[in-house]
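K.L.:
Would you mind keeping the following structure in view while I ask a few things?
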Amino acid sequence: MKNSNNVLFFMAALLNSACTQNDNCGITEGMLRYVLDMAKHASEEPRDEINTLLEYDFIIVGAGSAGCVVANRLTEVSKWDVLLLEAGGEENYIMDIPILAPMIQFTGANWNYKSMPSDKFCLGLTNRQCMFPRGKVMGGSSVLNFMVHTRGNRRDYDLWESMGNTGWGYESVLPYFLRSEDIAIPELAMNTKYHSTGGYLTISYPRFRTPLAEAFLEAGKETDQRIVDYNAETQTGFSFLQTTTKNGTRCSTSTAFLHPVRKRKNLHVKKRSQVTKILVDPSTKRTFGIEFVRNKKKYTVRARREIILSAGVFNSPHLLMLSGIGPKKHLTDMNIPVIQDLKVGYNLMDHPGVIGITFIVNQSVSLMPEYFLETGKNLRDYFVNRTGPFTIPGAAEAIAFFDFKNPTYIDGYPDVELLFIGSSLSNSRLARETFGISDSVYDILYKPVEKIHSWMIIPIILRPKSKGRVKLRDNNPFHKPLIFPNYFDYTYDMEILLKGVKKAVELSETNAFKKFGSKLHDTPVPGCQSFEFRSDDYWRCVIRHLTYSIYHVSGTCKMGPVSDQEAVVDPRLRVHGIKGLRVIDASVFPTIPSAHLNAPTIMIAEKGADLIKEDWGHKT
Ligand SMILES: Cc1cc2nc3c(=O)[nH]c(=O)nc-3n(C[C@H](O)[C@H](O)[C@H](O)COP(=O)(O)OP(=O)(O)OC[C@H]3O[C@@H](n4cnc5c(N)ncnc54)[C@H](O)[C@@H]3O)c2cc1C
Ligand SMILES: *[C@@H]1O[C@H](CO)[C@@H](O)[C@H](O)[C@H]1NC(C)=O
Ligand SMILES: *[C@@H]1O[C@H](CO)[C@@H](O)[C@H](O)[C@H]1NC(C)=O
Ligand SMILES: *[C@@H]1O[C@H](CO)[C@@H](O)[C@H](O)[C@H]1NC(C)=O
């Protein structure tokens, strides 16, 4: 599917088949209202500016999780003109139906990055390449993500501070998490030290739960774990997912932070415009503008004060290197004149996990598409009232955090996450494509159980030691950079993930899941048949075959003080050695937080915008 309209057609076909197969569909009125809501949503996105100025105070590159927040906060200062450039086009309301989250990757709203083929991980995926979808649309990856809202652990940020990043300790960043938050979960909202209401970003529980998700929390209790609000005092324990959704609909950063301020005269948004170079005067090392390409035509815009790179973990380092800011030898090899020698593209971090851990049940309780579309009810619930299973982000329902070093400590520092999915890869060919599983693996592993209800747990390493790198392929801005994730370079990463896998299987064997006749799917993963099923070596093999990037790539423009040889930006997010240039997005993380990265990225953007205001003498 090439563009977002195709998703629309796909949805229409789904609806159509659901309605023709069943007698009383009766969703016509709901659909009509939905179409009106769609038009309203479209009309609330800032328009694509035709008459851009020749010069702005600030130019922001990329309208993703971070860029939309920075654009909102900088244009609070009415005397500052801001240009926000985005390579992608409009967000579409269909993209905001939570259950469809995995499908957005099949549209033109995805940059479609893949890792270099490897012989150590992602072996069961097509071409032995890991998939790295990234948003190319207003809202960036916050339009593709699974809406899981987690902040991470207090110690993650205290670690940043201890690395010389003054002002980034937990006590300093908590107010920024709270600033954007609008919690719509009353029982959590009462805890005002950790939650707030009235911010731009709404956090809710999905409006439907499978009995399996309830069982997952029960399994936690049975195994002596606590039920927690992982965004409050202690993170370790079990919980239903807090999600960035509002009234059953995705809350992307474009919808949340740009729609409400679309009438600000000092905000210009230019869509379908790809920035190809940051212009830096080599003698003064000061930026003065950018070049961008729209409809195959090149344009230049000047910046009076600053340029802010919010192009994401692959594109921010890509643009820096294309502009002469990066590792000297690598740039020279690519025929790019070096302006500043910095370790751009190093420190690539992620939260690798494994997707093969599937459990079969004997009742109709999972989110199998054929099943939940069987009657018109679920469609009606969503299109009329925004309730029902469609409000669950891509079937992700619950989460558990474990500290395997201190398993009995209630305020542990989690090293593994288990993400509960009320469905599995065998339930849909589309899901298979989302994860990039090769046909040969799919046909053996999942095809025989396609029509059987099943669920899965995705175990994820929270603080891996292995680091990867992003490099230029060449000096053409339209050629994708090369991505080397280097998963499992350290034995620690493999062994801690193995603990997660075994914990997942243990949970599936609790009474809570036995009620559903839950049973580990016992077809050995192709490529691992030679190992004894369920032995440690078998699981290690599965981890290397069905490796899964949980999409938390980050760190390629590391934040750190001058003394940090690897640092690309300083603790005020200014590129070392260059004037008038900051990076504000998920690439500045010095170490990866124990969180899904949307909330931490939004926090960085909130704080980054404040730093800019301070540096230009504007009181915050
Ligand atoms: C499929 C998927 C699922 C995820 N699930 C979750 C989840 O459930 N919970 C969670 O917390 N996190 C999740 N994440 C991660 C999270 O969404 C990202 O870490 C976060 O969005 C990164 O924000 P960013 O601002 O760094 O980059 P992005 O949001 O990717 O924004 C970068 C923007 O810059 C634009 N851009 C890039 N280059 C240029 C250029 N040269 N010129 C103009 N524009 C440019 C891009 O098109 C994009 O809009 C997920 C990510 C993906 C992809
Ligand atoms: C929508 O909600 C209203 C009010 O709660 C209810 O009366 C109605 O039956 C619901 N419609 C559907 C299709 O669930
Ligand atoms: C949620 O969406 C439904 C369907 O559009 C609408 O009827 C309802 O008023 C909305 N609720 C809120 C709180 O916005
Ligand atoms: C499912 O399996 C459980 C455990 O074996 C059993 O108690 C239950 O009756 C089974 N249910 C169905 C519908 O087969």
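Using the three backbone atoms N, Cα and C, a Cβ is placed for every residue, glycine included.
Sharing the features that TrEMBL gives for it:
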| type | residues | note |
| --- | --- | --- |
| SIGNAL | 1-20 | signal peptide |
| DOMAIN | 56-352 | domain 'Glucose-methanol-choline oxidoreductase N-terminal' |
| BINDING | V137, N145, F146, M147, V148, V275 | FAD binding site |
| DOMAIN | 464-605 | domain 'Glucose-methanol-choline oxidoreductase C-terminal' |
| ACT_SITE | H552 | active site, proton donor |
| ACT_SITE | H596 | active site, proton acceptor |
K.L.:
Give the number of CB atoms, excluding that of M147 (FAD binding site) itself, located within 10 Å of its CB.
P.N.:
26
K.L.:
Which residue counts does DSSP give the domain 'Glucose-methanol-choline oxidoreductase C-terminal' (464-605) for helix, strand and coil?
P.N.:
43 helix, 21 strand, 78 coil
K.L.:
If we count other C-beta atoms within 10 Å, could you say which of the binding-site residues V137, V148, V275 has the fewest?
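P.N.:
Among the binding-site residues V137, V148, V275, the sparsest Cβ neighbourhood within 10 Å belongs to V148.
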K.L.:
Report the same-chain neighbours of H596 (active site, proton acceptor): residues 6+ apart in sequence with Cβ closer than 8 Å to its Cβ, ordered by sequence.
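P.N.:
Listed in sequence order: N145, F146, V148, H149, T150, I550, H552.
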K.L.:
With every protein chain in view, what's the tally of Cβ atoms within 10 Å of the Cβ of N145 (FAD binding site), excluding that atom itself?
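P.N.:
Counting Cβ neighbours of N145 (FAD binding site) within 10 Å gives 25.
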K.L.:
Which value does the mean pLDDT take for the domain 'Glucose-methanol-choline oxidoreductase C-terminal' (464-605) in this predicted structure?
P.N.:
98
K.L.:
DSSP secondary structure for F146 (FAD binding site), reduced to helix/strand/coil, please.
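P.N.:
Note: F146 (FAD binding site) is coil by DSSP, not helix or strand.
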